[in-house]
Amino acid sequence: IGRLVTRAAFNTGKVDIVAINDPFIDLHYMVYMFQYDSTHGKFHGTVKAENGKLVINGKAITIFQERDPANIKWGDAGAEYVVESTGVFTTMEKAGAHLKGGAKKVIISAPSADAPMFVMGVNHEKYNNTLKIVSNASCTTNCLAPLAKVIHDHFGIVEGLMTTVHAITATQKTVDGPSGKLWRDGRGAAQNIIPASTGAAKAVGKVIPELNGKLTGMAFRVPTPNVSVVDLTCRLEKPAKYDEIKKVVKQASEGPLKGILGYTEDQVVSCDFNSDTHSSTFDAGAGIALNDHFVKLISWYDNEFGYSNRVVDLMVHMASKE
């Protein structure tokens, strides 16, 4: 995610990357890893090592190699906003270590047990600049929440269940091995459909308080490298024809949620969303209604790149509140 947030920053030009911390690889390896990506292709631009710095598109970036976040001299490098993307320091206390080195704000690129969570297009307006440490929630919450918000605002969600058919990620195993958490998480990622837990649906209740306790869900990890899809099956308060649902989602995708929630009526498949920058793209042709109160809604997301673009957007939004 760190590499893709960096790509998103350079692609959009919205934020300036001034420093990167990675204790595990040297500078020349960073050049290689940033330049080549098996999923998203080669970086369209220049990247090289020069005078101990990583130089991307002519911009020199300071490199730190600290294992302890408290030792990173962010302030010296001029870094004000830190993206904590290790997946390890996800609590207020642990992520707060970055502030000791001179950072002003920390954005955790994962769900957090105690940091306030923000989803662009859903509850980002609730951010205020007294908050120093925030979470951008998970990629799945970023897919589900914008859709749930539109549906709830127009028709009311009584209750719902979410399933995400999710691409493999770095936490999984290439072949069977021991897992730190659930046993089946350790089974070979390329060979299996693996039922897994996800806090994404419950987290929607944190970013849309009216939906608290009304949604829960689970995941199936499937052997694809990237792009996932959310299935939201929910009971509606107000009766709605499926065509009405399509209409309001399309309107939202062209209006307040433009760039965050997409809409398509094409016969798409997962690969069509590789490197897509939306948080969520509603698949109008894939959803079904049992009746006017009970519907299954389908939305695609590039779980890597869409999310990384929202991290950048959240940073920009936070900076606008300074």
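Glycine is treated like the rest: Cβ placed from N, Cα and C.
Binding of D-glyceraldehyde 3-phosphate is annotated in Swiss-Prot for S138, C139, T140, T169, T198, G199; the matching candidate from R184, R221, R235 at the same site is R221. Per Swiss-Prot, the stretch carrying the note motif '[IL]-x-C-x-x-[DE] motif' among 70-75, 232-237, 244-249 is 232-237. If you take the Cα of K53 (N6,N6-dimethyllysine) and the Cα of R67 (NAD(+) binding site), they are about 18 angstrom apart, rounded to a whole number. Residues listed for D-glyceraldehyde 3-phosphate, S138, C139, T140, T169, T198, G199, R221, cover a largest CA to CA span of 16 Å.
Long-range Cβ contacts of K250 (N6,N6-dimethyllysine) within its own chain (separation 6+, distance under 8 Å): Y263, F282, A284. N142 (deamidated asparagine): 29 other CB atoms within 10 A of its CB, across all protein chains. Here T198 (D-glyceraldehyde 3-phosphate binding site) is compared against the recorded positions S135, H166, K173, K181, K206, and the shortest C-alpha distance is to H166. Annotation for T62 (phosphothreonine): same-chain Cβ neighbours under 8 Å, separated by at least 6 residues, are V18, A19, I20, K53, A77. Looking at R221 (D-glyceraldehyde 3-phosphate binding site) and H166 (site 'Activates thiol group during catalysis'), their Cα atoms lie 5 Å from each other.
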